[in-house]
Amino acid sequence: DSQALHELEREPSYWDTQAKKTLDAALKLRPREHRAKNVILFLGDGMGVSTVSATRILRGQMEGGTGEETVLAMDTFPYLALSKTYSVDKQVADSASTATAYHCGVKANAKTVGLSAKAVAYECNTTFGNEVYSVLRRAKAQGRSVGIVTTTRVQHASPAAAYAHSVSRSWYSDADLPSSAHRHGCVDIATQLVTNFDIDVILGGGRMYMT
């Protein structure tokens, strides 16, 4: 229980033991040099350091501990890293620009998906020529099977950056496009899901935007 753990934590030998376990695990780690057959990218939207810390504490407290000492499954991965997330035009990022960075490898402006920072949010005519392409599309171009699985709508910014190019993350269907976007030839995200390139597996919500 939490009281017993606190008693252990008062002893320096407890921390020496924990350090030895961590070091032993690191020394046993051997790199895998074979080529991977498959790649699965997991994206947890909004999972910054503070959110993950709160998750550890809540889980630990629900299990009867104080929480800070809790280890999540992803904390046990052999390799961990942090990425610096921000939009080119905003300090606080949204899931559109960060999904573009995640999928396509370039920082982008807030509210835009699959476009470089030369594109301006909501300005349709800045779309063309500023498209950037995702690892999903590049894998497909090499003849690989690709797919998207999401707990939200498939037109949401996080998955959309894998296949769409839009100056507005909210242009889910043609009904969401303003008249100016129609005039300039912009295409809604749902249509791009079907027409941009062939995705083998698509699982998620958002059916209402496909009709």
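Keep in mind that glycine also has a Cβ here, set from the backbone N, Cα and C atoms.
Nobody curates TrEMBL annotations by hand; they come from automatic prediction.
Taken from TrEMBL, the feature active site, phosphoserine intermediate covers S95. According to TrEMBL, the Zn(2+) binding site annotation covers D45. The Mg(2+) binding site annotation in TrEMBL covers D45, H156, S158.
Under DSSP, D45 (Zn(2+) binding site) is assigned to coil, being neither helix nor strand in the three-state scheme. Neighbour count (other Cβ atoms within 10 Å of the Cβ, all protein chains): 24 for S158 (Mg(2+) binding site). Taking Cβ-Cβ distances under 8 Å and a sequence separation of 6 or more, the neighbours of H156 (Mg(2+) binding site) in its chain are S95, T150, R169, G204, G206.
Counting only same-chain residues six or more apart in sequence, the Cβ atoms lying under 8 angstroms from the Cβ of D45 (Zn(2+) binding site) belong to S95, T152, S158. Taking the Cβ of S95 (active site, phosphoserine intermediate) as centre and 10 Å as the limit, one finds 23 other Cβ atoms among all the protein chains shown. For the Mg(2+) site, the Cβ centre of D45, H156, S158 serves as reference, and the other residues of the chain with Cβ at most 8 Å from it are L43, S95, A99, T150, T152, A157, P159. Secondary structure from DSSP puts S95 (active site, phosphoserine intermediate) in a helix.
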